[in-house]
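Chemist: Can you keep this structure in mind? I'll have questions shortly.
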């Protein structure tokens, strides 16, 4: 396996840095996008949600001016300051009164901080909220609602309280001259000039609105007031409001959508404007500023409004808030200009605008920087790190820090590995052989290290080990969170807790510390402490444990190294006993005798060091492998005890290595084979499809990241080998964090959680990976468990989501999956839990008692559904609105009836053209009965979102011919009186059977008639069977269901009888088509004229076989089950609704023409 590099891909740690710095200080903040209209909120932390009482889903996509927190006591001037700071992309502190969702008021200090990207452009704003005072605790009246309404009695106390707070500062105005002169410096006298920070009074409920990109025009005469007049205007006098373009009332709120095609927010970034605009103090942004301006007795020197403040502003640019500004100094052209021209901004249709260009005169520089007296990073307590930039950032590496995966560190590690191997081999050899030989040999000349090359190498090794310790203090490491740590302090602490002690003991140069003491044996023993470095070798070589060949080689080297150590010990035992032994039976004496180099009486002589070492190594290898030949044998007790130990070690080594070599190779190659097999497949795929290099690198990095995360374990393959009950427990354990902490799952039972855990799947995404593309089908719901993502529409960031956020679409509102309205891209390494739509609905169907709780508790942080790409959405009943009803009711007839039941009496409220037979449509000229044949057909089902009174109305074909009177419908059927009185409760039976009557009418009279689709009066369920047909009363749902079933049975019977009647009609037509009489008949063939033939014999007519009578009989049969008390509709003209037998007599006057040659005559 390669070196564990950690998360080294470029990540956007903007959100993580802000959260890490703010959460520990209980900060309450929001993040807004500066590149979209109204600066929509794209992130808010939990502290802000707790402060205002709104959930994150309710705050997302709202304007960052937080106008939804405004209330009666919200100062208009403070709201204007926030809007001006957003317009000018400048830092500012504003004190403002906000209202929570429950209506309680609190005084808040808002810090507006711009955030720049790597190019120096402001792309985001951070607004930090700090509660200064709870206004309910200082004697405020009953809780005010944060919804604007008409002025009430609390206005005067609220205004007086605010005035008392500002009075000491306002009285200081008498000690200075006015800084505003007519036509003087600053451009105050210029026509159309607008002073931004003007109002110190709280905003009253208004009927006008002011968007972020618009500033109201003030009266020009305010700029020319003197000191006394100015103070008087502030204390008591109020100027009339400026003229508006229209004298009538205007809406109090003008909505600005973030995107016309988006469905995220419909709120506006607007601040209210009082009808009574009080006089203003020019160039004063707060009461403290007014106090500070008292010291300046002389007015500022004259300068143009657009350039006068440019020079002091250059020094203010050094107060940077981003990394890019700390690196380079942006030119003055990159900052917001002092003068903004209203030609480039969007006009307000509710405010009057002069023909000349209007300018916003920016406050003076003291006002611009008065509320920001220190760096924003210090104000927001960001510590040493400056405000992060919103961009992909590689892991920040400290200066003089070495990456643990860098090429230099890899080469250095291999060098240290070679030195450790040298130490492991030569340190025992020197301690056992060379030091004793030096003591016994002649005295060495005074040549220092030149005569001892091993001593020089040992000195170099000691120096290299000390340097390695210093390098380890500056080498990065990977923590438990897979993050690369480069901070020197954290690296030092990590090294002290780890391998520092072992490395330090192994690097001590003992031969230099006790040089000249004469104790060479002690130095040799102390130098064996270098063998502790072997632990580092084991740690370094652990990365190669996945490769079977490397493991086998390491085991063989370990076996040889142990044999080398044992050979040194074997020689030390024989050398220690040789001088003190009277009998010459030791293995060294036997070796000297065999080689002809015996030891003399003084203990000198004997074999050479080379012969001794080779013989000792031969003995240890033969003993470890259990292949002893006997030519070198232990004779003394010490030698025999040592031989026993060697045999025990050899048996263990032989059994564990050589006896199981095949098993070891097979075991070690299993994971390696899987890794290389998968990597080979990936590379073959890349080669076959010719994947470009950037994409190829992403594939390989993702594969390595996924392999290090899962170690190549296929979770699905592992789970399939266990029973389902055990699979559910394992999945419940793997998803325990999500199921325990996510609010929608808290009320679920254990069985429901087990079923949900079986459906969840975990997804890992590296930085820059796109999880969902715009236009993709939304088939799953995503839960973020680690990392942060961004949602983009084009190149515009609309939301930043972090841990515990949910994105997707509300499945309970839509019957079919929709399409995504943006791209979802990972900013950091992310772990997400996703559950497919069908799986979630299946589980909720199995546990209906939990379904309602889940849908009510589920808050999707960002809705990805694009309602504009699906026909009929967002309110079409084909896609949404009553999803549970569509799942339970499959018949369209029942769905239409339920909608009519839920909206009784709403047909008449739809207005002209919506009800087919209502009075509103009849009274309109050219109503639905008089429309031209070219009019298009009506929609079969109306959207539920279009209005509360709209309901689906079925279509029917009606004959359309020449114009008729306004009160008469097509086919000669005027509207009945009861239907006119209650258009929403027309007779359902007549509506259901009218199609049958029209069929026969079409056969009877088809000349000059056309057909078009016209909406009928909807037939509500309560007026079906045994109640008065004109009654608009409502019935319980169970009664409606029973009556629907009865109506369905009647329709079935009608269909059966209609089929029989049709067969009779076809038989009659076949008889009339017989033109040639039979041979036995005396009747001649009739002439060509259709009316010249008359029957020879008088034949009684058959009323039951006529077309009209068949229609009447069918309607009578369909209504025969009506109760006796059911009233009848009054008949007008030839209307055939609910025909009775008494009407059949008038139809017998038309005889049926038959040929006299008919056999039945």
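Placed from the backbone N, Cα and C atoms, the Cβ positions cover glycine too.
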Chemist: Which is it, of 179-232, 233-286, 287-340, that Swiss-Prot names as region 'Disordered'?
Modeler: 233-286
Chemist: With Swiss-Prot open, pick whichever of 371, 600 is annotated N-linked glycosylation site.
Modeler: 600
Chemist: Any idea if residue 427 and residue 613 are on the same membrane side according to Swiss-Prot?
Modeler: yes
Chemist: How about long-range neighbours of the transmembrane segment (523-543): same chain, 6 or more residues beyond its ends, C-beta under 8 Å?
Modeler: 1-4, 413, 416-417, 420-421, 423-424, 427-428, 430-432, 435, 458, 461, 465, 499, 502-503, 505-506, 508, 510-511, 514, 550, 554
Chemist: Quick one: average pLDDT across the coiled coil (1037-1064), no decimals.
Modeler: 87
